[in-house]
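Visitor: Just lifted these from TrEMBL, have a look:
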TRANSMEM  A:12-34  transmembrane segment
TRANSMEM  A:40-58  transmembrane segment
TRANSMEM  A:65-84  transmembrane segment
TRANSMEM  A:90-111  transmembrane segment
TRANSMEM  A:123-144  transmembrane segment
TRANSMEM  A:164-187  transmembrane segment
TRANSMEM  A:208-230  transmembrane segment
TRANSMEM  A:265-285  transmembrane segment
TRANSMEM  A:291-307  transmembrane segment
Amino acid sequence: MKKLLQEREAFLAIAIVLICIAASIAWPGVFPTFDNLSQVLLNLSIDAIVAVGMMLLLISGSFDLSVGSVVAFSGGITAYLLYYCGMYPLPAVLIGMSAAALVGFINGYLVAKAGINPMIQTLAMMGIIRGAALMISGSGIQNLPADFNVLGQSNFLGLQSPVWVMLLVVFSFDFLVSKNIFFRRYYYIGNNEKAAMLSGIKVQKLKITGFILASLLAGLAGILLASRLGASLGTSGKGMELRVITAAILGGASLSGGEGRIMGALLGTIFMAVISNIMIIARVSGYWQEMVLGLILILAVWIDIVLKDPRGLSLKARFTKLKTS
Amino acid sequence: MIEQQTDISIEVRNITKTFPGVKALSDVNLSVAKGTVHALCGENGAGKSTLMKILTGNYQPDGGRIFINGKETVIKSQKHARDLGIGIVYQERSLVKNLSVAENIFTGNEPRNQLGFIKYRELFAKATVLLKKLNININPQVKVATLSPGLQQMVEIAKALSQQPRVLILDEPTASITETETKILFEIILQLKKQGTAIIYISHRMTEIFKICDVVSILKDGCYQGTYQCEEITIDDVIKKMVGREMKQIDVTSFIQNETAIEVRNASGNGFSNISFSARKGEIIGITGLVGAGRTELVRAIFGADELASGEVYLNGAAVSINHPSQAIKNGIAYLPEERKEQGLFMDMGIADNIISGNLSAVAKHNLLNKKLIKTAANSYVRQLAIKTPSVSTKVANLSGGNQQKVVLARWLALNPTVFIVDEPTHGVDIGAKYEIYQLLQNLAKTGSTIILISSELPEVLALSDRILLMYKGTITGCIPRLLASEELIMEYASGLKKDSAQMQQVA
């Protein structure tokens, strides 16, 4: 049992299933319907794409606070090109993605080569890019062309396209990060950067790549979001960075790096989305929702510390130790 | 075996401590008399640290009793241990680098005014008095970060002594300090001894133990092996009791072949300048000198971990340019770093993950990791190096020092290095594992690899090296062939007393 609990992904998956069962019993006509569940999936797909990139960074021991701004930025640039310049969707999307990649490159370069702390670097970038996004989108660019909106609004097998894109991103990254030797190196960097460097791992190059990937995924999410809404907003993705970090940490990442799996990022996002959905169904006020998610995060990390304690101290021993020291 | 009861400062009886899956201590007895230096010997994992953590209140024993000055006591916490007069200098540094020496010495115990503000003038004055008393020449106002590792160790000791402990525990106090600093440390110990302090001295260095200690107690696999007066026991006997078997002497065979494997010409960089040397295939070349002589800086630059400002490196006669460790590895150079926890290991990852980390492509097919290949590779090294572990997925953090070092070695052996640079390969490693590592390096030389051995332990350098390069303040001051080498000669070069002309070095 303890072993199972230590596997965060299994723990989360079981928790999600149990919560869903409980919710289905409590609100049989509302929660377990296809409409509700597919809506939940659609809503979480944007967050989950961004969470994949965040998980990759967290594994390597850093994180990116600017992803939420990049969501608005890339969506804004793409919308601007479509609406004001009359560009075709493909080049507009590619330019939007490139802009996101550039943000990631600047973050990665300044963190890896100049040695700026990722917290400070990406916090600053969060503000800069948010400003740029607001400048581009103004009070919002609406009525985007239909051949662009098709990206985020089409249906396949009953699920909307953002869900399929999200599943593709999650499963391909999960496969790569757990098997591919290039991506595997992020665990080494996150675990011990110095030792990784001395083992011949090109730490700086990989870190820059990590930031570019995280930003690209945020860019993709932003374009999907704009396409789904048929509009871009300068404020979209606000607060997303912390929500996504929360999901990744729930999913098994650690701020000190070296831990977590991509699948955990998805599960963490699903967990949070299901809880939110249930609270909406139960008509819990929005204030409470934020508080509950905060409490869940603290609890999850704390349980983790206790379960993984090499000294095998029990909860009680921990309390007495806290008191004495 | 044990002296009269009245002088006993601290005594433990039948102490037992179990961790999940391991019996760390079973029925351990130890009694340390006032004014004696009491050595505690045992291999890594023998339970020395656990016992010390019990004495300092970090762990609670599962069974047994502790007596302080004859009174049975339960040591509740670290603070309680301090109040009882038990001080400890840990092997690992516990200093705050960006604070001053004085602030570090009196951490949590600073002279304060009524408002809780630190009275700096008094703090510095107190520190000056303490440091002077200990004969340590440090300005208490400088930041700890600016001090050499040796001096930092002295600050650690001063910190422990600021509490005026009745029992002082020193855990591997000489591991990172120079010979001169060791001398100062020993003077301090003798001074404390005269004042009646009981000192528990933990070290792997037998010669030191026999130089400074009066009594020696031995632990093996968590069991108490006995206590002896140092005069009535020999080093060999202590080792025998620690290891449970006799240690073989290592053979001094030389495997030098004719071709030159590596040549360094006029290398300069941060911490060393104008270094030239060459080594042949199968040769073990020792580089020694005091801490801060530039040895580590030199080899890190050769390996591409730091910048080589000028100079060339030739491998098998061809010039190579190495700007990153990955290029060194491609060229067949491996580097075992000095601090295995900080630079060598991925502590929270498994043994297998650590072993394969130097060359992931070797255990991958089409760039995808292959579990089977990983397992086979890891298992073969675990067997070959006799790494003691339940499985290859065990976290490295759960292994003893010697086994951890073997894991780092395994990673580099997996690359079949033609030049293997080992920096303090037996630092903090127990005697059994030490000899295994020596054997391993010799075997590697036998197959034609060149070994560059950096070590501060002179007996180790003397026993293994075909040739010994001496470094002093960033330059090579001499080169001694094995037959002429002695500890005294090495110390003369290393301390800058003696220096060969450049020509002489070339000849050697």
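Placement of Cβ uses the backbone N, Cα and C atoms for every residue, glycine included.
No curator has checked TrEMBL annotations; they are predicted automatically.
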Visitor: By a Cβ-Cβ criterion of under 8 Å, what residues six or more beyond either terminus of the transmembrane segment (A:12-34) are in contact with it?
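Guide: For the transmembrane segment (A:12-34), the sequence-distant neighbours (Cβ-Cβ under 8 Å, at least 6 residues beyond its ends) are 4, 158, 250-252, 264, 267-268, 270-271, 274-275, 277-278, 281-282.
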Visitor: Ranking A:90-111, A:123-144, A:164-187, A:208-230 by Cβ pairs under 8 Å to the transmembrane segment (A:265-285), which is first?
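Guide: Answer is A:164-187, with the largest number of Cβ pairs below 8 Å.
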Visitor: Out of A:40-58, A:90-111, A:123-144, which stretch touches the transmembrane segment (A:164-187) the most, going by CB pairs under 8 Å?
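Guide: Top-ranked stretch among A:40-58, A:90-111, A:123-144: A:40-58.
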Visitor: Should anything in the same chain at least six residues away from the transmembrane segment (A:40-58) have a Cβ under 8 Å from its Cβ atoms, list it; otherwise answer none.
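Guide: Same-chain residues near the transmembrane segment (A:40-58) but 6 or more away: 64, 67-68, 71, 118, 159-160, 162-163, 165-166, 169-170, 173, 177, 183, 186, 190, 210-211, 213-218, 220-221, 224-225, 228, 240-241, 243-245, 247-249, 251, 253-255, 257, 259-262, 264-266, 268-270, 272-274, 277.
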Visitor: In the same chain, which residue numbers or ranges, 6 or more beyond the ends of the transmembrane segment (A:123-144), come under 8 angstroms Cβ to Cβ?
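Guide: Residues packing against the transmembrane segment (A:123-144) from afar: 65-66, 68-70, 72-73, 75-77, 79-80, 82-84, 103, 106-107, 226-227, 230-235, 238, 241.
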